[in-house]
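**Student:** Here's a structure for you.
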Amino acid sequence: MNDDGPRYSYPVTSTDSSGVLVRAEIDVAALQANAAVLAKRLAPARLKCVVKANAYGHGIDIVAPALFAAGWRDFCVATINEALHLRELLGDDVTITAWLYGPTTDLDAAVAAGIELGVSTVDSLERLRDAARRTNTTARLHLKVDTGLGRNGLAPADWKRALVKLKTLDARTESDGADASATTPELEIVGIMSHYAVADEPERVETAQQTQVFDSAHRELSAVLDGAQGRLGEPERLEVHIANSPAALTLSPFPGTSARVGLSLYGLSPLGDQTSQDLGLVPAMRLVSQVINLKDIPTGHGASYGLTFTAAADTRFALVPGGYGDGIARSASNKAEVSIRGTRYPVVGRIAMDQMIVEVGAGDVAIGDEVVIFGPDGPSAAEWGEWAETINYEIVTRISERVDRVEIEPRPADGAGL
Ligand SMILES: *Cc1c(COP(=O)(O)O)cnc(C)c1O
């Protein structure tokens, strides 16, 4: 799969790449190495690869096949549309879990495609049962319990109601004369899941409290499944998952039988006090542009809209394609840095929709030079997060459709030759 050249995650209208100014190079070998590092850390719990939001901006059409090629078979996304796309991309030999849908979302296609779905409302249990009936398949479900995040998931009262509803649905199955061993069950509870709120702050007590709530919900669900004697799934086969990247990297003992890992798969650190390198991870995205104009600037000259920067001395400006139309944060204006020929230079003035100005002064810079906006050999996505007053998650995920994602060959570890 690696020898059919660069692949793009979005349709390209021109085959002439000379017009491409900003590229996100995706280091597939880094992705695969990160997955191996994380899986080793998690074992015996299993790695679920989170590839929602276009694989955190990296391009799902590059990322998912690369992980598949390295042997990974367990994927998570948020929405059903993402899940169906992934099913088409990877085929039937993978487990795909999705958890975000609304009261009018058509669930039939997802159930028919064997997508495993998170259940966060009592009503969706019946809707999923109906979808299973219509499509003549089993709906495979992960009950999602809100253990304190307050976002999605069944809150405590709804959790109790969901368990009662499950028993009701099972009683109907029983009275229909269905025999678990002879007919296809409509619902199979394959997992229980939750999500941490502060796992990136290891000193906080809420994480252990959430684990406790989760453990007790797990016991209650197991009792209900035991009572249904296999008609709703096997309690000892339940997949138990609450951990995200920060939890996977910090918690010991590790809670659950698997972890849903996103950010750190892409080689980024979810922890404020540890870098990618500290964690043995390699950033998989390198966002690059080029110098397309270079000009001498006299003292007192301004830069970009609002003239919020004024040259304090005679200097040179390099014009670099890349702006908020590419998903580069305007809020990093006058704070960000980029790297050219291994040297850091400041972004001066406001970042515009398509372009930014970099003050290169007397630096060794020529038209056509590559500009590393962020990546392993330039500023990190975490630094951009600080400059833009956000987090590295958002820095990579917001990279827009105009930027071409290109799969690259592994680069030398020391960055030589760049
Ligand atoms: C996005 C998401 C994850 C992955 O989180 P990371 O911190 O990127 O590892 C896991 N679970 C749920 C429910 C999510 O929404």
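Placed from the backbone N, Cα and C atoms, the Cβ positions cover glycine too.
Quick paste from TrEMBL:
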type     : residues       : note
ACT_SITE : Lys52          : active site, proton acceptor
ACT_SITE : Tyr305         : active site, proton acceptor
BINDING  : Arg151, Met353 : substrate binding site
DOMAIN   : 284-408        : domain 'Alanine racemase C-terminal'
MOD_RES  : Lys52          : N6-(pyridoxal phosphate)lysine
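Distances, neighbours, how buried they are, the whole picture for these features please.
**Tutor:** Cβ neighbour count for Lys52 (active site, proton acceptor) (all protein chains, 10 Å cutoff from its Cβ): 21.
Taken residue by residue with DSSP, Tyr305 (active site, proton acceptor) is part of a helix.
Every protein chain considered, the tally of other Cβ atoms within 10 Å of the Cβ of Arg151 (substrate binding site) stands at 10.
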**Student:** Excluding near sequence neighbours, so keeping only residues 6 or more apart in the same chain, what lies with its CB under 8 A of Tyr305 (active site, proton acceptor)?
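**Tutor:** Sequence-distant Cβ neighbours: Gly349, Arg350, Ala352.
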**Student:** Hey, how far is Met353 (substrate binding site) from Lys52 (active site, proton acceptor), Cα to Cα, in Å?
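**Tutor:** If we compare the Cα positions of Met353 (substrate binding site) and Lys52 (active site, proton acceptor), the gap is 26 Å.
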**Student:** Enter the number of other CB atoms within 10 angstroms of the CB of Met353 (substrate binding site).
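**Tutor:** Within a 10 Å radius of the Cβ of Met353 (substrate binding site) lie 11 other Cβ atoms.
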